[in-house]
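Here the structure is laid out as structure tokens; the discussion comes afterwards.
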Amino acid sequence: MKAAMTRGGDLDRGWVYIYFMNLVIFAAADTRLPNLTCWDSMADASKDIVDGFPGDKKITVVFVLGGPGSGKGTQCAMIVEHYNFTHLSAGDLLRAEIKSGSRNGVMIQKMMNEGKIVPPEVTIKLLQRAMLDSAHDKFLIDGFPRDEENRAAFENITKIEPEFVLYLDCPEDELERRILSRNQGRADDNIETMRKRFRVFKESSLPVIKHYNLKGKVRKVDAAKPVDEVFEDVKKVIFVPLIAEV
Ligand SMILES: Nc1ncnc2c1ncn2[C@@H]1O[C@H](COP(=O)(O)OP(=O)(O)OP(=O)(O)O)[C@@H](O)[C@H]1O
Ligand SMILES: Nc1ccn([C@H]2C[C@H](O)[C@@H](COP(=O)(O)O)O2)c(=O)n1
């Protein structure tokens, strides 16, 4: 779109696209979770009664971000063993959607194979559904928001701001080693797609981390260490303060 907007003749098309995206986002907002609000912004709890989410229920969201292969899934699985969080992986939800044979599945598959980011209305709907289906109120959302569009749409639609962002920081050569030896049969774990995913991470996901960093919400951990050592840091640096606050 950015390229289209730079040419005068294509300006109208750019605005039509923005208008269309707004319509889509409003449509996406019309789901079973429209009023689920951030735990610290519940001014009028009576307005927030949603199936399975009484209005006075405090919803805590932690976004887990990091490059492809940084260990988001691995650390989230360990966190849920020790703490009362539900792990929602945006990538896993999208892969399940492909497997379900839904209308969106083909589009999602194509975008994933190209290392691209799926439109926010699709991913947010899957996340909302998963949150509603869960009886829990504390969610680790792994691999989301992937870009500023994801972030803004999620906050607009759900009115949820994350408690904080857990950022697993890892150098690219280590990410590459991990992805190429992951061996889980993922179609996007190949050199070509991996490089595209690295580029998308740097160009689109790092700005999201910067956005939350400016708000003092990023908790960074060195994810290049062995799994157990990373988890020790996650526990010490990240979750002890959160549990103590509750
Ligand atoms: N600290 C670590 N040291 C070495 N290997 C690790 C570490 N953490 C995870 N791995 C391995 O690296 C691979 C990628 O880990 P994982 O799937 O958790 O990453 P991810 O960030 O969720 O990846 P993606 O974003 O691509 O889904 C896996 O094979 C995992 O076993
Ligand atoms: N919010 C998201 C999360 C994931 N995707 C797509 C693009 C990724 O390359 C792919 C795999 O995700 P992962 O399992 O590595 O977290 O899924 C997306 O478009 N939007």
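Don't overthink the numbers, they just go from 1 along the chain as shown.
Note that Cβ sites are derived from N, Cα and C of the backbone, with glycine treated the same way.
Residues or ranges marked as ATP binding site in TrEMBL: Gly69, Ser70, Gly71, Lys72, Gly73, Thr74, Arg182, Lys225. The ribonucleoside 5'-phosphate binding site annotation in TrEMBL covers Arg95, Lys116, Ile117, Val118, Gly143, Phe144, Pro145, Arg146, Arg186, Arg197. Marked as CMP binding site by TrEMBL: Asn150.
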- CA-CA, which of the binding-site residues Ile117, Gly143, Arg186 lies nearest Thr74 (ATP binding site)? Gly143
- Message: How many Å separate the two farthest-apart Cα atoms among the ATP-binding residues Gly69, Ser70, Gly71, Lys72, Gly73, Thr74, Arg182, Lys225?
- Response: 17
- Distance between Ser70 (ATP binding site) and Pro145 (ribonucleoside 5'-phosphate binding site) at the Cα atoms, whole Å? 16
- Item | Length of the line joining the Cα atoms of Arg182 (ATP binding site) and Pro145 (ribonucleoside 5'-phosphate binding site), in Å | 23
- Distance [Cα-Cα, Å, rounded] between Ile117 (ribonucleoside 5'-phosphate binding site) and Asn150 (CMP binding site): 9
- Message: Let me make sure I understand the structure: which of the binding-site residues listed (Ser70, Thr74, Asn150) has the fewest other Cβ atoms within 10 A of its Cβ?
- Response: Thr74
- Message: Quick check on the binding-site residues Gly69, Gly71, Gly73, Gly143, Pro145: which one has the highest count of other Cβ atoms within 10 Å of its Cβ?
- Response: Pro145
- Quick one: pull the CA-CA distance for Arg95 (ribonucleoside 5'-phosphate binding site) versus Gly71 (ATP binding site), whole Å only. 18
- Item | Euclidean distance between Cα atoms of Asn150 (CMP binding site) and Gly73 (ATP binding site), Å | 19
- In sequence order, those binding-site residues of Gly71, Gly73, Arg95, Ile117, Arg186 whose CB lies under 6 Å from ligand 1: Gly71, Gly73
- Message: Let me spell it out: for each of the binding-site residues (Lys72, Arg95, Arg182, Arg186, Lys225), count the other Cβ atoms within 10 Å of that residue's Cβ, using every protein chain shown. Which one has the most?
- Response: Lys72
- Query: Among all the protein chains here, how many other CB atoms are within 10 A of the CB of Ile117 (ribonucleoside 5'-phosphate binding site)?
  - Reply: 20
